[in-house]
Amino acid sequence: MPRFDASGLITAIVTDARDGELLMVAHMNEEALRLTLETGIAHYWSRSRKTLWKKGETSGNLQSVVELRTDCDQDALWLKVHVAGDGPTCHTGRRSCFYRQVVSSGGKVALTMASDHDQ
């Protein structure tokens with residue numbers, strides 16, 4: 001069984017089951033994992049709001065879990081999902097939460113829009 005940290009959470013890495021794109025990184029507590037396994041729909045624990053959250057419940061972009069794996073230490077999960085609706089995963093309306101690239105130039109670090117993500 002997965003190993004939760006001292007806060008009762010486990011990191012969840014989420015990718016698109018079709019093309020493997022990294023969509024988001026979230027956290028699950030025991031209840032979120034149980035609900036995910038029971039329903040086949042991804043549930044997470046919001047650390048900022050301190051509440052359970054069914055991803056896509058408001059937007060209609062539910063995440064149906066196709067496959068769930070754990071790493072060798074059993075302290076991280078990998079969810080391969082199909083996203084319902086028009087497909088965004090990020091609260092900004094983008095497909096992936098990883099749409100910004102960290103670049104370093106001339107000793108300065110900046111965030112830029114990644115060229116492989118929609119605006």
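Any Cβ shown, glycine's included, is placed from N, Cα and C.
Per Swiss-Prot, these features apply:
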BINDING   Asp71, Asp73, Asp75  Mg(2+) binding site
BINDING   Cys72, Cys90, Cys97  Zn(2+) binding site
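On the structure: features taken from Swiss-Prot.
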residue: Asp71; record: Mg(2+) binding site; Cβ contacts under 8 Å, 6 or more apart: Leu77, Trp78
residue: Cys72; record: Zn(2+) binding site; Cβ contacts under 8 Å, 6 or more apart: none
residue: Asp73; record: Mg(2+) binding site; Cβ contacts under 8 Å, 6 or more apart: Arg3
residue: Asp75; record: Mg(2+) binding site; Cβ contacts under 8 Å, 6 or more apart: Pro2, Arg3, Asp5, Ile10, Thr11
residue: Cys90; record: Zn(2+) binding site; Cβ contacts under 8 Å, 6 or more apart: Leu23, Met24, Ser96, Cys97, Tyr99
With a radius of 8 angstroms around the mean position of the C-beta atoms of Asp71, Asp73, Asp75, what other residues of the same chain does the Mg(2+) site pick up? Arg3, Thr70, Cys72, Gln74, Ala76
Among all the protein chains here, how many other CB atoms are within 10 A of the CB of Cys97 (Zn(2+) binding site)? 18
